[in-house]
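Quick look at what TrEMBL annotates:
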type     : residues : note
ACT_SITE : 151      : active site, nucleophile
ACT_SITE : 314      : active site
ACT_SITE : 347      : active site
BINDING  : 220, 348 : substrate binding site
DOMAIN   : 374-433  : domain 'CBS'
DOMAIN   : 435-489  : domain 'CBS'
Ligand SMILES: CC(=O)SCCNC(=O)CCNC(=O)[C@H](O)C(C)(C)COP(=O)(O)OP(=O)(O)OC[C@H]1O[C@@H](n2cnc3c(N)ncnc32)[C@H](O)[C@@H]1OP(=O)(O)O
Ligand SMILES: N[C@@H](CCO)C(=O)O
């Protein structure tokens, strides 16, 4: 299937260690459901974490065995798409508190052997991200190429940038906010009240054969209205009647929009747990990255570069909230691109506007920095080492360039396989005689295109990447760049 990651399966990992939650409560064990697409490269530098919204799950792309619908962000995840699985290793995990495989209120409470129900501790977006961090550590990934998501997924992406500034190079936050507003909390509360007013909810202790479907259905109907826009509803349904030509002067389902909302509500009760709805909407309410009422202060520690996207017709997470995020980042001198896409779909536009999303996300991810493609485990050699040592290290590691380090660990020079050949031909004895001391280097935060241009101008095929103290933190080679460009074509 072109453009698809094909058939996929959800994996599970359980961490026995307790997770200390923001509330001070403790959760153990913690199971995380996740899917991965694409391949993790040798340097483990091409991983992208995708975070889902309120009712999403780990199944972002491809098809489960026998299913006819793909994952929820299949339009942007796959070979050749924005989250290009030919280039990136994409990870998507289900949040804790959810009901799609990660530990949540429907999981078995080890203290009682029964489902947690309301004994499940209240969780926050920060807790969701802490649990995700365990998964990313478990996969051996020190730094994500990017973390991305829409709606609650965007909140998680922002939380990653604040909680783990070194753990993601890029952050993509779409149709989201950095702090929930009164209106957002209000809609969440109406949904929760609908669930809790259902007698079948039974204080959260409902059996599997008697679920609070009426309350959850109503909550989703209200919620779903907020995910659309006035224009989208008008365009989809107008004042059309459902299966009749005249109004009936009664209270049965008459309008198409009523029928549609019933359908959305019914479908939701078959795929979502009522208690998870309470917990996750509460986590949304608590989300607030501001410090002392200042978003700029709250985002000050972020180190990633950001893409912030809003949807013009989104009245649940209106564009002004995305602008606030972009302004707060810019106030800190943090690189940020902001774009409001034109769309009539409302909040769910981030799930439906594949063309605009692919263009914006793809362009943002393609803007690569040296640190995105450098090899971080490239071998080096000490200045005092012998030519024989240098030859051995090159052969063992199959490399042609060895940065030479001075005693203090800073860059003293570079030696190439050509230098070794010359040393043999001219009977040189020490590394000092053959290495180049005037080394052309690259900086981790410069664009790859700049480093490539320097290599081309000087006819050099690899540059040591050095930090501000001239310590070698990696190596960028023309081979790595041409592989990348080949894959982009
Ligand atoms: C974001 C995450 O992380 S994951 C969560 C994302 N997924 C969801 O939110 C799932 C539920 N939401 C939806 O289906 C959303 O509307 C979207 C955004 C995903 C899909 O949007 P669209 O493609 O525009 O679909 P639309 O909203 O028109 O709904 C189509 C459904 O409504 C049904 N429908 C349309 N008109 C009517 C009607 N008059 N009466 C009854 N049902 C109707 C269709 O038959 C279809 O049903 P199906 O989904 O069971 O096949
Ligand atoms: N419709 C999506 C977006 C909500 O923010 C969901 O149900 O998760």
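Glycine residues also receive a Cβ, built from the backbone N, Cα and C atoms like all the rest.
Feature annotations (TrEMBL) mapped to structure.
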| residue | record | DSSP (3 states) |
| --- | --- | --- |
| 151 | active site, nucleophile | coil |
| 220 | substrate binding site | helix |
| 314 | active site | coil |
| 347 | active site | coil |
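Proximity to ligand 1 (Cβ under 6 Å from any of its atoms) holds for these recorded positions out of 314, 347, 348: 348. Within 10 Å (C-alpha to C-alpha) of residue 347 (active site) lie the following recorded positions from 151, 220, 314: 151, 314. With DSSP classes pooled into helix, strand and coil, the tally for the domain 'CBS' (435-489) is 22 helix, 15 strand, 18 coil.
Of the recorded residues, residue 314 (active site) and residue 151 (active site, nucleophile) place their C-alpha atoms 11 Å from one another. Most Cβ neighbours within 10 Å, among the recorded positions 314, 348: 314 holds that distinction in the structure as shown. Of the recorded residues, residue 348 (substrate binding site) and the residue listed as 'active site, nucleophile' place their C-alpha atoms 9 Å from one another. Residue counts of the domain 'CBS' (374-433) by helix, strand and coil are 24 helix, 17 strand, 19 coil (DSSP-based). Take the CB of residue 220 (substrate binding site) and look out to 10 A: across all protein chains shown you find 26 other CB atoms.
Around residue 151 (active site, nucleophile), the C-beta neighbours below 8 angstroms that are at least 6 residues distant in the chain are 53, 54, 174, 175, 176, 317, 347, 350. Checking the recorded positions 151, 220, 314 against ligand 2 with a 6 Å cutoff on the Cβ atom leaves 151, in sequence order.
Residue environment of residue 347 (active site) contains 27 other Cβ atoms, counted within 10 Å of its Cβ in all protein chains. When averaged over the domain 'CBS' (374-433), pLDDT in the model lands at 90.
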